[in-house]
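> The following block contains the structure, expressed as structure tokens.
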Amino acid sequence: MDPFSHAVIGTALSKAVGYGINFSAPENIGLVVGSVFPDIDIVLKKWGNYVYLKNHRAATHSIIGLIISSLFISVALRLIYPASSFLSIFLCSMIGCLSHTVSDILNSYGAKFLWPFYKRKLALNLIVIINPLVILFLLGYIFGNSSTGLLSILILGLYLLLRLLYKLLIKDELKKAYPSMRITAVIPSMLATFRWHFVLEDKEVLLVGEKNILNGK
């Protein structure tokens, strides 16, 4: 996801854990900073796009990287707010960092959460990198009252569940239509909510296409 989306998720989580949207609390700051901090690997662009793309969403997005990042954020904030609890700052920072990797895993690019033990990216392919609906629901939670906020979260959860069901339905249809081919990928379209792209292959053929869950085409 983009930095703004990550920050919105972090702000929503800070409200969920009881700190509201008051950025005077170090725990709140740690949570929001943590929600964008893993993308610090952008500094790798100094060595060229190849190095950056090869290593992006790897070390800084792994569980080890998230712990180190949370410790770094916590130490920095504890120096600024010496009266605050280091543990509470660390836990909030860790929640923020975890939210970053989890949200990246939800989209098509994924993240190497288990790096260096497992070096492939984990990706659920449920949403695109910039998803206006997700941001809209989260903003509804952040700025809404208890009723509208709860409704926004319920709708967001239902939306993600439907995305998962759509994907599973498409995979099932592809298996029936092309039983001899292996499903390599089923990913959401950047331009249409109900359109999905797929890649199938066997020993001789690579088939690329798209499927619209509404009209079945």
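Every residue number used here counts from 1 along the chain in the order it is shown.
Yeah, the Cβs are placed from backbone N, Cα and C, and that goes for glycine too.
Nobody curates TrEMBL annotations by hand; they come from automatic prediction.
As listed in TrEMBL for this protein:
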- 63-81: transmembrane segment (TRANSMEM)
- 87-110: transmembrane segment (TRANSMEM)
- 122-143: transmembrane segment (TRANSMEM)
- 149-166: transmembrane segment (TRANSMEM)
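Walk me through the surroundings of each of these features.
Counting only same-chain residues 6+ beyond the ends of the transmembrane segment (87-110), those with a CB under 8 A from a CB of the stretch are 1, 5-6, 9-10, 13-14, 17, 19, 26-28, 30-39, 57, 61-62, 66-67, 69-71, 73-74, 77-78, 81, 121-129, 131, 160, 187-188.
With a threshold of 8 Å between CB atoms, the same-chain residues lying at least 6 positions outside the transmembrane segment (122-143) that come near it are 1-2, 4-5, 8-9, 11-12, 15, 21, 105-114, 149-153, 155-156, 159-160, 163-164, 167, 185-190, 193.
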